[in-house]
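Worksheet: one structure, shown below.
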């Protein structure tokens, strides 16, 4: 009987390398594919994609599997990066990694894998898929510190129908141990951090190449001018570092609480529990449920509003215009427009939506939040 073919997205990192190994052990016909999504040279003039592809080649040779490289730079620019820049222009804080999964890793890459006669595709994500009773469910990875369902939350059951997540049942330590036992060349390679196309580089320096900075005033909520900002796009709600206005007022740290786009003003408040940092709900659009529109119009669940945040109890109200009003059981700090609200039922990731508007807490409920 012909072996089932799996095309594995290999990044040069340890997770996807171990994923490829596990699939080969299970008897699949495994092909490794490296996706080049960004024409990338770091601050030292080194093309990190070239280094990563070298690691893919070395690991593939160690595992005895064929490998290819595919260039998705144009798709990435058109479908992910332009959105990222547009959102920043709107004063929002986008999450390009979620869109990269939806548009590149589970769309463009799937199309490419099918051209290689793949039965399945696989990645090194820490997530699990449950296929029972004709339904596909996306479940959190076994390692709570590494669970990546947040980034996969805009996928659909159709996306996931041909996907395998071989390391979803493992912890990061277990994955590293397997790589070390196999003497894989990248067994001790550190995890990549930051937005994929920025990597370890300075965010401000990177953005200057694409968006002209427009410095403006930093003001308190009372209207007092406290300093100048470098451009609203460089700041996010809840940010404390890099404001350059310490030592004023009560002496407590200052936090970004809002952006006034019209007047190019960054609004700040003092104290980590200032009421202006908290919200009681949000309005979201681009709602995507893994299994389509099967939820009731109003339902209770938990949610995350940023990666690795503790789950928050919420009630979701789907509105006739297709947006959602998400009501928080308790006020939540630093919820940010442009970010992704991801909904869960215990371990099951239900789907997600893009945060459009945050409903700020009024001062009377401040004590409950602090």
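Cβ coordinates are placed from backbone N, Cα and C, and glycine is handled just like the others.
These figures come from a predicted structure and were not determined experimentally.
Binding of ATP is annotated in Swiss-Prot for 9, 10, 11, 12, 13, 14, 15, 16, 35; the matching candidate from 27, 64, 91, 124 at the same site is 124. Listed in sequence order, 15, 141, 148, 151, 152, 165, 167, 168 are the same-chain residues at least 6 apart in sequence whose CB falls under 8 Å from the CB of residue 125 (site 'Interaction with tRNA'). Taking a C-beta cut-off of under 8 angstroms and a sequence separation of 6 or more, residue 11 (ATP binding site) has the following same-chain neighbours: 34, 35, 52, 56, 124, 192. Take the Cα of residue 339 (site 'Interaction with tRNA') and measure to each of the recorded positions 9, 13, 196: the nearest one is 196.
The local packing around residue 339 (site 'Interaction with tRNA'), expressed as other Cβ atoms within 10 Å of its Cβ over all shown chains, amounts to 26.
Each of the binding-site residues 9, 13 was ranked by the number of other C-beta atoms within 10 Å, and first place falls to 9.
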